[in-house]
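Peer 1: Following this message is one structure expressed as structure tokens.
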Amino acid sequence: MMVMNTELRQDTPQFKRWEAVPQPLDFKVYIFNVTNPYEVQMGRRPRVVEVGPYVYFQYRHKDNIRFSRDRSKVHFSQQQMYVFDAESSYPLTENDQLTVLNMHMNSILQIIDTQAKETITNFRSDVNNTLEKIPVVRVIKRIIEKTTPIQSILQLAEDETYDSLRLINAELNRIFGRPDSMFLRTTPREFLFEGVPFCVNVIGIAKAICKEIEKRNTKTIRVQPDGSMKFSFFNHKNMTNDGTYTINTGIKEPALTQMIEYWNGRNTLDRWINQSAGSSSKCNKIVGTDGSGYPPFREGVERMTIFSSDICRTVDIKYVGPSSYEGIPALRFETDSHFLNEIGPEYGNDCYCVNRIPKAIVKNNGCLYKGALDLSTCFDAPVVLTHPHMMGAAQEYTSLIDGLYPDPEKHQIFVDVEPLTGTPLNGGKRVQFNMFLRRIDSIRLTDRLQTTLFPVLWIEEGIALNEDMVKLIDDSLMKVLTLLDIVQWVMIGSGLLLAIIMPIVYFIKRRPSSGSITPTLTTTTSTVSISDGGGLGGNPQK
């Protein structure tokens, strides 16, 4: 019965709860407000202040559900929707004014810095093609080419990255709206979901650069109907799904319940380094559940695995001890040091060392220092993952910024799991997103910057079962277990009582009556006394 209550069988209460999470998850965002942006521009140490949480309801609903023929697998996608929770966020609002790192400008500049020749060649080609369509320009261009055959009208030292970046530097004001620093004054509404506009009413070279940005198809940037663009950190997650999952229903093998078989039709990723062509490294393996549920009977399990599409990787969580939630016994699991603190060839997982952020603060082997993970290949942007407030990160990063206060109670990833059903009772996925801020040759705004791993925001995505769900588990599981516990002790007590009564009954049934014993005993005694001649009394009578 316990196993059947954890299997994913259609038209059962368990299936309905799996299909639509019966309560919204909490999605909390903490943004790092920069208090000295202009000092940072001058090369000083940044100071940040955490502002949050900005709380959102996260609703999840599975659709496109299809079962395999033998019902052992189920395919689905999961829609997500975010709604601002003004009450839980109070006194903070989505319209608060904050100063944050200008992520999209910083990202675009770093990408152009590393791919300048390719980018410049592409947008020069676009501009040339556009000009060729204008008759007057075409005639003038032909005349210039005849007098200067080595260079066309737009050939500006094509092989020189330096000159290419100078060209881009001249267009920054048109693309990003006259920025006076690498920081942005914005609101949580714009920065997180609605979008920060850029590439508005651009022409010429600026328009060509914006076209190159559009071609990258970065998920945090959306093209608007008028051709302009908007950057937002989480809008790509809103009213969308993160792909198609195929998971085990547990009908044939309960120990595999909710374990992922395929994601988008594959059991491997292509985001991390593979040791050889045609092979897949362990960094690219898709293993575990999606974290919304686990197989039953977790007692004695030392380690579990979660696949997170948000960070394009599998994460191990280890058992750290017993716990409880609202009176329900649980097992607590947390991420271990392999998640962020032990990455590199010495740990056998250097496939995570993608080394895609030039001029970053890295070890000699190209890996980031302890506590940081390069997500460039996951985000298609130079984003770095850490624990909140860079908890556990190397001093090469933490010593360069003021305002970080790591606290395991607030910042550790954890989940409390009910051991018999594998149900998560309470938990939080807590991660921080950062970017390297550094000098880029020929970009004036970056001239005096010191290379720093700069915190942008951290999130806590989690669940704490509400009263209704706690009551459901208490009624359907804990009271049954309590009843079974009572029955067990009644049976033990009954057994002990029987163990005491049965020998007594047996002894009574086996014991002879008193009338049959006395004559025999008397006769025997008299006979012995006479023959011994006085062993028990005086001399025999004469």
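Glycine is treated like the rest: Cβ placed from N, Cα and C.
Pulled these features from Swiss-Prot for this protein:
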{"type": "DISULFID", "residues": "CYS283-CYS351", "note": "disulfide bond"}
{"type": "DISULFID", "residues": "CYS312-CYS378", "note": "disulfide bond"}
{"type": "DISULFID", "residues": "CYS353-CYS367", "note": "disulfide bond"}
{"type": "CARBOHYD", "residues": "ASN33", "note": "N-linked glycosylation site"}
{"type": "CARBOHYD", "residues": "ASN128", "note": "N-linked glycosylation site"}
{"type": "CARBOHYD", "residues": "ASN238", "note": "N-linked glycosylation site"}
{"type": "CARBOHYD", "residues": "ASN274", "note": "N-linked glycosylation site"}
{"type": "TOPO_DOM", "residues": "1-487", "note": "topological domain 'Extracellular'"}
{"type": "TOPO_DOM", "residues": "509-542", "note": "topological domain 'Cytoplasmic'"}
{"type": "TRANSMEM", "residues": "488-508", "note": "transmembrane segment"}
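Looking at the shown structure, what environment does each listed feature sit in?
Peer 2: The secondary structure of CYS351 (disulfide bond), as reduced to three states from DSSP, is helical.
Sequence-distant contacts of CYS378 (disulfide bond), defined by Cβ-Cβ distance under 8 angstroms and a gap of at least six in the same chain, are ARG271, ILE311, CYS312, ARG313.
For CYS367 (disulfide bond), other Cβ atoms within 10 Å of its Cβ number 22.
ASN33 (N-linked glycosylation site) counts 17 other C-beta atoms within 10 Å of its own C-beta, drawing on all protein chains shown.
For ASN238 (N-linked glycosylation site), the number of other Cβ atoms no farther than 10 Å from its own Cβ, over all displayed protein chains, is 16.
Its Cβ taken as reference, ASN274 (N-linked glycosylation site) is surrounded by 15 other Cβ atoms within 10 Å in the chains shown.
Taken together, the residues of the topological domain 'Cytoplasmic' (509-542) have an average pLDDT of 45.
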Peer 1: If you count the C-beta atoms lying within 10 Å of each candidate's C-beta, which of the disulfide-bonded residues CYS283, CYS351, CYS353 ends up with the smallest number?
Peer 2: CYS351
Peer 1: Return the count of C-beta atoms lying within 10 angstroms of the C-beta of CYS312 (disulfide bond), excluding that atom itself.
Peer 2: 18
Peer 1: List only the single closest residue to CYS351 (disulfide bond), chosen from the recorded positions ASN238, ASN274, CYS367 by CA-CA distance.
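Peer 2: Ranked by Cα distance from CYS351 (disulfide bond), first place goes to ASN274.
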Peer 1: Find the shortest Cα-Cα separation between ASN238 (N-linked glycosylation site) and the recorded positions ASN274, CYS283, CYS353, CYS367, and name the residue that gives it.
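Peer 2: Closest candidate to ASN238 (N-linked glycosylation site), judged by Cα separation, is CYS283.
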Peer 1: Give me the Cα-Cα distance between CYS353 (disulfide bond) and ASN274 (N-linked glycosylation site), rounded to a whole Å.
Peer 2: 11
Peer 1: To the nearest whole angstrom, state the Cα distance for the pair ASN274 (N-linked glycosylation site) and CYS367 (disulfide bond).
Peer 2: 15
Peer 1: Taking only the Cα atoms, work out how far CYS283 (disulfide bond) lies from CYS367 (disulfide bond), in Å, as a whole number.
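Peer 2: With the alpha carbons as reference points, the distance is 14 Å.
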